[in-house]
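Noted in Swiss-Prot for the protein shown:
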- 1-24: signal peptide (SIGNAL)
- 29-113: region 'Disordered' (REGION)
- 32-42: compositional bias 'Pro residues' (COMPBIAS)
- 34-38: repeat '1' (REPEAT)
- 34-109: region '15 X 5 AA approximate tandem repeats of P-P-[QVHRTA]-[NHKE]-[KEDT]' (REGION)
- 39-43: repeat '2' (REPEAT)
- 44-48: repeat '3' (REPEAT)
- 45-60: compositional bias 'Basic and acidic residues' (COMPBIAS)
- 49-53: repeat '4' (REPEAT)
- 54-58: repeat '5' (REPEAT)
- 59-63: repeat '6' (REPEAT)
- 64-68: repeat '7' (REPEAT)
- 67-113: compositional bias 'Basic and acidic residues' (COMPBIAS)
- 69-73: repeat '8' (REPEAT)
- 74-78: repeat '9' (REPEAT)
- 94-98: repeat '13' (REPEAT)
- 99-103: repeat '14' (REPEAT)
- 105-109: repeat '15' (REPEAT)
Amino acid sequence: MASFSLSILVFFISALVLVPQGFAEYYLNPAYRPPQTKPPVNKPSHKEPPVHKPPHKEPPVNKPRHKEPPVHKPPHKDPPVNKPPQKESPVHKPPRKEPPTHKHPPAEDNIHF
């Protein structure tokens, strides 16, 4: 019987250690504690409608156009080359006779009688 009472004693001590609140006021309602911080209030976010602004345009600035001064270049001349002038040799070409078109050949050239 000593082992039975010892096991019951160990059971109760372990129950007190393992259960955090133990056997304290199990059946009572917990005491009211006011909240430490205020609860958040859900307000709809107030967004202003977008305001249409025209694009910003800077006024035109009157600046004179930049003109480059004209550049005077001397005319390009090839350097003189010291070569004797070459004369073209005359080429003799016999005058070309064109054959008659849409005509009968002359009688002396005609071999058909």
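Glycine is treated like the rest: Cβ placed from N, Cα and C.
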What is the three-state DSSP composition of the repeat '3' (44-48), stated as helix, strand and coil residue counts? 0 helix, 0 strand, 5 coil
Could you give the mean pLDDT over the repeat '1' (34-38), rounded to a whole number? 84
Cβ-Cβ under 8 Å with the repeat '13' (94-98): same-chain residues at least 6 beyond its ends: none
Count the residues of the repeat '9' (74-78) that DSSP assigns to helix (H, G, I), to strand (E, B) and to coil, and report the three numbers in that order. 0 helix, 0 strand, 5 coil
May I have the DSSP-based helix, strand and coil counts for the residues of the repeat '6' (59-63)? 0 helix, 0 strand, 5 coil
